[in-house]
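In what follows, a single structure is set out as structure tokens and then discussed.
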Amino acid sequence: MENLVLQALSGLASASSLFLVASGLTVIFGVSRVVNFAHGSFYMLGAYLAYTLVTQLPRGHLGFWGGVVGAALLVGLIGLAVEVLLLRRIYRAPELFQLLATFGVVLIVQELTQMVWGAQDLLGPRAPGLRGSTEILGLRFPLYELFLIGVGPVVLGLLLLLFHRTRWGTLVRAATQDREMVGALGVNQRMLFTSIFFLGSLLAGLGGALQLPRESVNLHMDLSIITEAFVVVVVGGLGSLTGAALAALLIGEMHAFGILIAPKITLVLVFLVMALVLVVRPHGLLGKPEAAARGGQGSAEPMIGPAPGPLRWLALTALGLAVVVPPFLGDYALSVLTELATAVLFAASLHLIMGPGGMASFGHAAYFGLGAYGAALAAQWLGAPMLVGLALAPLAAGVFGLVFGYFCVRLSGVYAAMLTLAFAQIAWSVAFQWVEVTGGDNGILGVWPDAWAAPKLVFYYLALALCLGATLLLRRVVHAPFGYALRAQRDSALRAEAIGINAFRIRWLGFALAAAAAGIAGGLFAYGKGSVFPTFMGIPRSVDALLMVLLGGVQTLSGPIIGALAFTGLQEQLVRLTDLWRLILGAVIVALVLFFPQGLAGAARARWEARHGDA
Amino acid sequence: MLQVAGLSAYYGRAHILDDVALDVGGGEVVVLLGRNGAGKSTTMKAIMGLVPPSAGNVRFAGAEIGGREPFEIARLGLGYVPEERRIFTGLSVMENLEVGRRPATAGLRPWTPERLFALFPSLGAMRDRPGGRMSGGEQQMLTIARTLMGNPRLILLDEPSEGLAPVVIERMAEAIRALKAEGLSILLSEQNLHFAQLVSDRATIIEKGRIRWSGSIAELLAADEVREQYLSV
């Protein structure tokens, strides 16, 4: 019994820390509608800056607490700078493009942090006056944890006062609903947005700085906290402070008791909760349906036509090169090319969901990974030959696409995207924690092609043929009646329903089809590498796919192909050439978002149309 | 007070406004008449900077405001009351007014919530009610009151009578006449000729994005063929 109480208390302490970060994220989203991936980076910076300040300042209360507050303020200023220099320019861009830009910031901050503070974990000093522990029900409990438990409610109270009792807060709440109208009433939205970014980033920084006495400061803090913070924000309802507090409480206690009750599924638990909440309450615990965001919406999606002549020639030339040149290449180049082929199909499959489908997926790697695991498990446990494995890959991915998609495509916008992420994380945690079957972190090794396809060149041609075939098939689907229906429901679900299109079923089938195609890519990738690992389904791979599609351009059919080639090629070269690849990749992403907001293929088309008139 | 000349605007490739010209003098109420989709709302949004004009001039109180941002235009004393009302539904009546509050304008009596409640008595009885739990007529009054809190010299009033019950329309007309008596200039857009003639001095007719006719209300009432051609449904 006493143990349970202590466990509950430590859950409260985690909830408190989680709330600090999530509150900043939800406040920023509420007003600016920016899904700020860099929020986790601000949290990490808060911890690092606090480390430096606290260790440099004189010891004692002033040094410690001054350091913590100073770090929070500095992070607030950094967030302000990011808003002014980057985000302010892209508020009119589609949501996912903003996400891409903030992901560029994540990469840049990671690299810079490593350059300044080094790769090793740092241990900060403990908080003066809160070093010891106290006795609760006869058991010892750290004082600092007790202090943290108090911080959350205090911050929540202050924020509620700020939003409900000040003019600034009233303006912010009004802007959350209708920013254009607030502008028409004479309010400078830019100042409002910049100040909200300052506040939100400051909260992230404070959350990070307060972790200093609790855990070591390291370079993985950013991505681990951002997923949790997203979960909290989405479960609570986007933009709702009280919702975020409730959700933080739920998730914090879940962590605390999950370890006691079901130690085998701790990783999956949080995402199971998120999936459950979203299935039952599509807008989170206290969220409201997303009002059709007013103001700053782009023009209608451009139409998709058949490829113009020169593009066909370009494609045919590229294909010719892809067929003719490889016999003269070495094994390394061949595996790079094989990987490129799977990347193209992976990106093209996500594009079907995002472009014509109009849905966002943050968890597309799940289907890539399910394809890979489908093939590998068949090889491992059934001794299936490669062709059977390759046939099982899209089947496994497609079936899970049907199951997961059934829930995901009912939601819209960020909620839908977060539910795809939740399912992907569930799949990932199963692969990671079900060691007896999947080998856990060690993966499944020895997934090699059959003898006839063992030479790298043969396997490359096989991969090229399958990926190209599937990509062309997806392209064909977009131009088929099914594709018309898919695009129709994207442009207006209501009107599509009115002419007899079952929008839900179309979206659902589109989602499953894309999943199956990603499965093919995953299966080929597994045989190409000879092994599968849980990372195949990890968040970074989902982000890779997003990057490819967005880099190429969402609303062109050649976009994902060009994006996949550009991204994979760039990453490959950068990793080989320089240690600073994350910095450069991040900078390239930010530059692309700023200068090619329609993606590479979109920009090329805009130039083409400008020169040749409208086709 | 407000002069618009050669104003053009596009939505994507569709030409919505073509060479629109109109003017509103100090203390005057001018009505912009036209059918659904004629370009009334777009004209107002273009004046307010909410739709970027592709060509033309907009002068307000002696300053060129074309191409400026909406908040700058609002701060010069141009108030905008949108057709869809766009009340902040999560905010109370008092909070909605607070969002609109701006410093007083020289030469005009500053607006306070109390003065506005005298103008729209029903609002005074629901100060703490969320905007989302008000009737259409109450919301329409609130949106006008909210804009008045900015102490504008001129307001753009987009179809205030739309969707309101006849009794409420009468009250709205009284309120607009009271505003005119305060010295406020008003550019009104309407489909409802009956309502327009109750409050307006002059009329301008717009059809397919072009100005087709301008004159006094008396002239419009005398010109049957103009009303027949541009206003009958």
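Note that Cβ sites are derived from N, Cα and C of the backbone, with glycine treated the same way.
Just so you know, TrEMBL annotations are computer predictions that nobody has curated.
From the options A:230-250, A:314-334, the stretch TrEMBL describes as transmembrane segment is A:230-250. Using a cut-off of 8 Å between Cβ atoms, the transmembrane segment (A:230-250) and the transmembrane segment (A:6-29) share at least three residue pairs, counting only pairs 6 or more apart in sequence. Contact count against the transmembrane segment (A:257-280) (Cβ pairs under 8 Å) is highest for A:414-435, out of A:41-58, A:191-210, A:388-407, A:414-435. Counted over residue pairs 6 or more apart, the CB atoms of the transmembrane segment (A:191-210) and the transmembrane segment (A:6-29) come under 8 Å in at least three pairs, which marks the two as touching. Counting Cβ pairs under 8 Å to the transmembrane segment (A:99-119), the top-ranked stretch among A:41-58, A:64-87, A:388-407, A:414-435, A:547-568 is A:41-58. Long-range Cβ contacts of the transmembrane segment (A:64-87) within its own chain (Cβ-Cβ under 8 Å, at least 6 residues beyond either end) map to 32, 34, 38, 42, 45-47, 49-50, 53-54, 56-57, 98, 101-102, 105, 125, 127-128, 193-194, 197-206, 208-210, 212, 590, 594.
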